[in-house]
Amino acid sequence: GLQGFLWTMLLLFCAIQELGSWAMHTEVEGPGLGEPGDPALLASGRVKRGWVWNQFFVVEEYTGTEPLYVGKIHSDSDEGDGSIKYTISGEGAGTIFLIDEITGDIHATERLDREQKTFYTLRAQARDRQTDQLLEPESEFIIKVQDINDSEPRFLEGPYIGSVAELSPVGTSVMQVMASDADDPTYGSSARVVYSVLEGEQHFTVDSKTGVIRTAVADLDRETQDRYEVVIRATDMAGQLGGLSGSTTVTIVVTDVNDNPPRFPQKMYQFSIVETAPVGTAIGRVKAEDSDVGENTDMTYQVKDEEGVEMFKVTTDSNTQEAVITVQKPLDYESKKVHTVVVEALNKFVDPRFVDLGTFRDQTIVRVSVLDVDEPPEFRPPSNLMEVQEDAHVGSVVGVVTALDPDTANHPVRYAIDRSTDAERIFDIDAKTGAIVTGKVLDRETAGWHNITVLAMEADNHSQVSRASLRIRILDVNDNPPELATPYEAAVCEDAKPGQLIQTISVVDRDEPQSGHRFYFTLAPEATNNHHFSLLDIQDNTAAVHTQRVGFNRQEQDVFLLPILVVDSGPPALSSTGTLTIRVCGCDSNGAIQSCNSTAYVVSATLSPGALIALLVCVLILVVLVLLILTLKRHHKSHLTSEDDEDMRDNVIKYNDEGGGEQDTEAYDMSALRSLYDFSEIKAGDGGGGPGEGGPGRNPASELHALPQWVQSPDLDFSVFRDYICRKVEQADEDLSVPPYDSFQTYAFEGSDSPVPSLSSINTWSSGSEQDFSYLGGWGPRFRQLAALYAGRRGEEDSEES
């Protein structure tokens, strides 16, 4: 078959190569055959040749069962008797390549592959078999592996992915592919590769030599098919019979161009929205479809009709490429129930190469239905300015506001004023008619403008309320007289001359007449006899005061009061009188004022300024000394009073423990309450704090004898004690923060009006046995408990004595 034929041709080729190598072999001089320059050799003119061999070739991929003969090495000194031994060394020696030691034949024992190794370098030796000495110099030779077409072309850079724009012209380059062949490109045609299209040739072609893929048609449409799978084949041997081939698949993506206009799926869309929707409310969304992709689908929407432009606004949602329709003006169901809007969509990026394909825009109709809702009344007309004279009487009509219910004709409306904007209730409004009237007296000078909010609501549904801001301007009337701008005071020198300007007068008026202010000046009637000064109206709402005589004397009169009458232009004309105070002063030679006081003038004639200052300092020192003396006296008096209080307080004995009440008779040792003072007993006839003169039913002599006896000496003055006690009582009554501490206090004075003598046992040296307390029973219910206590103790003492 074909394979046997190929091997026959290959063997024939190798034989030819071997014969050529023998014909071209070289000979080298061998050892022992003579030294260079030997006379015998030179005389004969003949040189011995040594190695007889050349470069060898071996065919790759040999599949025979016997070792493949490569070549033969031979030395001229070999006489065929077997005395020479041939050996090789180097790459593959002894493994891949074997040599016959006697004949020098070299055989390949393994299958070689040129694509793995193209040649082998070896060294040959000829040795004496007996002595193993080199007979020839060692020489290097090469065994080349002869190539055969055993490697197919391969696409090493795959997979291949390319792209081309749709509607590209024929011959547009898409991409380039390249196959590689491992065979020897310098030997034969084994590595010469050509390209062809196996699949997809109806849309694409490939250059046979370069591998460049190009479009074969001009109507590639991405919307129809967006990718193609093209199979490219590479064949070696220049495509001749017997060549090997390889293939690869190339993916070609068709990219988009803007060749499709936008199109609305529907020619009409319908939406509805309530009439009270605020401006900016989204009504709905529409979208135009575009078969393109990427930025070629970016849309721009706009409203084309005039009515739609006024009432509605269309924007583009950049994420979804939808048209968003929003309200641009307030809607009114009563005015128009249905609105028709024409919306146009167009591509944002248009490719001028495809303009001839048609217009890249589309339109649709959007019908917007307005839904009716219950709306609050509307103010008509919406004027928000009213005016009223400031002298208008309470209850005067300022103006009328009108509001109508847009839903129902002639539906009753009620009015009110938002009192948060009119807290003082300066204005009122008629709830039914909307007439605004004054509620208080107006004053433009206090408040020239008033801003109030008027409410209008349905009569049967007060939740439907609308508001309107109303500005009320208070018109001025001439109700304030003009007044001098300030309380003017002027000065005139004693040596003033007639006609000298003293003061310029101006006035103020709180009113604001529309024609502007105009004031008139004249001297008041009470100043008709004035011969000192004159008043000149300058006609610019000011007046000038001048002197009318020569010189003034401040000793005679140092102050002049000049009444000035000021009248405005009205109507009605109002006037007021102001007073200009003019002081006569002393001036220097330049007219500068020195002093305007007559007293100072007299003093200055005798005292210099330094003397006046010294006099004032002395007066001040005297005042300080008087105040210091008064302060020291008051401090000394308060110190003496405090010492007296301490002395009186020594007579008070305080106990911190509380008794058991009226029934407790054993809580205290009565002897501890004896006073430190020793009073002698008084006689039976002496009064001094006894039960009084002529007490009914009692014997004063016996009562005084039974009580602890003490006498009030005529030379003792108890007024100090009385004052001290009264002062302490007042302090205790006035100080409400002092708690009522329980205490036991005794005093030596019972008061001059006491009906009974003192009950205190202080300062008595008599024992309890000498006292008779039976008289306590006649003192009334308040002393009953005390009488029982002392009567009981008296009985016990009597029993003990018996």
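Cβ coordinates come from backbone N, Cα and C, glycine included.
Annotation comment: TrEMBL describes 685-697 as compositional bias 'Gly residues'.
The domain 'Cadherin' annotation in TrEMBL covers 75-155 (among others).
Annotated domain 'Cadherin' per TrEMBL: 156-264 (among others), in sequence order. For the domain 'Cadherin' (156-264), the predicted model reports an average pLDDT of 89.
For 265-379 (among others), the entry in TrEMBL reads domain 'Cadherin'.
Shown for the domain 'Cadherin' (380-484): DSSP residue counts in helix, strand and coil, namely 0 helix, 50 strand, 55 coil. According to TrEMBL, the feature domain 'Cadherin' maps to 380-484 (among others).
The annotation domain 'Cadherin' is assigned in TrEMBL to 484-601 (among others).
The region 'Disordered' annotation in TrEMBL covers 684-703.
According to TrEMBL, the feature signal peptide maps to 1-23.
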Counts of helix, strand and coil residues, the domain 'Cadherin' (75-155), according to DSSP: 0 helix, 36 strand, 45 coil
Composition by DSSP (helix, strand, coil) of residues within the domain 'Cadherin' (156-264): 3 helix, 45 strand, 61 coil
Summary of DSSP states over the domain 'Cadherin' (265-379), given as helix, strand and coil counts: 16 helix, 53 strand, 46 coil
